[in-house]
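Step one of this worksheet: look at the structure below.
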Amino acid sequence: MAAPILRSFSWGRWSGTLNLSVLLPLGLRKAHSGAQGLLAAQKARGLFKDFFPETGTKIELPELFDRGTASFPQTIYCGFDPTADSLHVGHLLALLGLFHLQRAGHNVIALVGGATARLGDPSGRTKEREALETERVRANARALRLGLEALAANHQQLFTDGRSWGSFTVLDNSAWYQKQHLVDFLAAVGGHFRMGTLLSRQSVQLRLKSPEGMSLAEFFYQVLQAYDFYYLFQRYGCRVQLGGSDQLGNIMSGYEFINKLTGEDVFGITVPLITSTTGAKLGKSAGNAVWLNRDKTSPFELYQFFVRQPDDSVERYLKLFTFLPLPEIDHIMQLHVKEPERRGPQKRLAAEVTKLVHGREGLDSAKRCTQALYHSSIDALEVMSDQELKELFKEAPFSEFFLDPGTSVLDTCRKANAIPDGPRGYRMITEGGVSINHQQVTNPESVLIVGQHILKNGLSLLKIGKRNFYIIKWLQL
């Protein structure tokens, strides 16, 4: 069947599992052991976990990536389903995999699953996803496309290495499904899939044995992902799919479909799944997502997520989440042994990831917020924007007041509803329970001073007790 004409953009998915006996562990592949090889380099970083299928990957796949062969450059894709309006940290390794391939000169495609998201990928799930309305999926797909393009732009602008890179393209699979008729599609595609094979996937078996079972829509997901791979193979010459290690079943379906139709071999590369300290996969469904959209997770929160990583994880994460050369990572870890209290590896990890996700400005913002919150820095506070303060103190009430002559500390606290009326509120100040811009105030009648109580950005940060913050924006100073 000839693939229909492409019109739009796309974003990927990760899917089912397969019998691990058909996988060739990277450590056993002599062809991947060359110190300068792309696959060997990513194996050393721990970014590429497994290759599929075993047949041909000892020699053929490494040759595909060799700059000295006629097959160079290759096209590789990874899919992302728009089940939310933002990427999250759980998607970063797949994106880092695409970026490393792009840096090596290959062309990469980020495929937004504007069509497949409506079915829901069952891989790694114990129950069916909540169905999304069509307009919600479309809005999410637009947001993911913008997020992917922003990340690609930051990568291009801030992490250049002097090499000639390949292209980064964002597509959406709704472009080739929106004109498909169900009966025509099943007639052309369905005959190439065997029910026994589809039912044998581990992800399918787990769901079929569960009390909730599996819907036809979810079951059909692997067929559509296989067709995506075929379409990109026909249209772009894409021979490699990248995905999380829970996507092996879907990758296998694509391999079998393309091989039956064309006789050609295609390949899959998996990246490891990142889990929380409890072992849960990081993602929206697990309820522990750290988002890459500033409106959902601020640069400061993203930065702190990586700063808080334990010592036993940070070296691995530096290899996975950054482009730092391995010798430099070794040096960072050696310094850490001498001065562990400085948390140098964690800070470098946080800086590299935040810069990739939010750009240099986002990294600067995260550092300002860190200084303001954890180091009581007045200098950091007075250059923070309204947005940064709101991000940093998400639960803090935000008020805007005109500064009247003679406005006192007591007046300010009461206008902001930060203290109770009457003697109790007065005592909270005199007993040292109130600070303004990290400076304790004990005289309720003190008149506010611009430059001390009011920063040069027109803001005052009230702190009542240990953890109750109030933000005041002064107008027409």
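The backbone N, Cα and C atoms fix where each Cβ goes, glycine too.
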Stated Swiss-Prot location of motif ''KMSKS' region', expressed as one of 241-245, 276-280, 281-285:
281-285
Looking at Swiss-Prot, which of Lys49, Lys355, Lys415, Lys463 is flagged as N6-acetyllysine?
Lys355
Between the candidate ranges 52-61, 82-91, 292-301, where does Swiss-Prot place the motif ''HIGH' region' annotation?
82-91
Of the binding-site residues Tyr77, Asp228, Gln247, which sits closest to Lys355 (N6-acetyllysine) by Cα distance?
Tyr77
Out of Gln225, Gln247, Lys367, point to the one nearest Ile274 (ATP binding site) in space (Cα versus Cα); all of them are recorded positions in the record.
Gln247
Reported as an integer number of Å, what is the Cα distance between Asp81 (ATP binding site) and Lys367 (N6-acetyllysine)?
32
Per-residue Cβ crowding (10 Å cut-off), top of modified residues Lys355, Lys367:
Lys355
Could you round the CA separation between Gln225 (L-tyrosine binding site) and Gly244 (ATP binding site) to a whole angstrom and send it over?
14
